[in-house]
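According to Swiss-Prot, the protein carries these features:
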TOPO_DOM  1-22  topological domain 'Virion surface'
TRANSMEM  23-43  transmembrane segment
SITE      Trp41  site 'Seems to be involved in pH gating'
TOPO_DOM  44-97  topological domain 'Intravirion'
LIPID     Cys50  S-palmitoyl cysteine
REGION    59-80  region 'Disordered'
Amino acid sequence: MSLLTEVETPTRNGWECRYSGSSDPLVIAASIIGILHLILWILDRLFFKCIYRCLKHGLKRGPSTEGVPESMREEYRQEQQNAVDVDDGHFVNIELE
């Protein structure tokens, strides 16, 4: 008998996993981690457009204005708006100092 047929032949107990009734904490922890990983993977595949769109736009909000006086905030907003207000078909070159 070849090795292949020996591997494919079911055992006396059938195709059961020998750890199915185990109460070993390591087996239980591995099972929980595996189930959580599967759930997270399924959610990621279902909602990946929404998740990554939120992350992408969340990172592009700009610098924090916490602790900056209101006059400086307004000046910054005005500069940003002026950089965006251009005719269609033209590019804006912003040089950083």
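Cβ coordinates are placed from backbone N, Cα and C, and glycine is handled just like the others.
Within 10 Å of the Cβ of Cys50 (S-palmitoyl cysteine) there are 9 other Cβ atoms, across all protein chains. Distance from the CA of the residue listed as 'S-palmitoyl cysteine' to the CA of Trp41 (site 'Seems to be involved in pH gating') is 15 Å.
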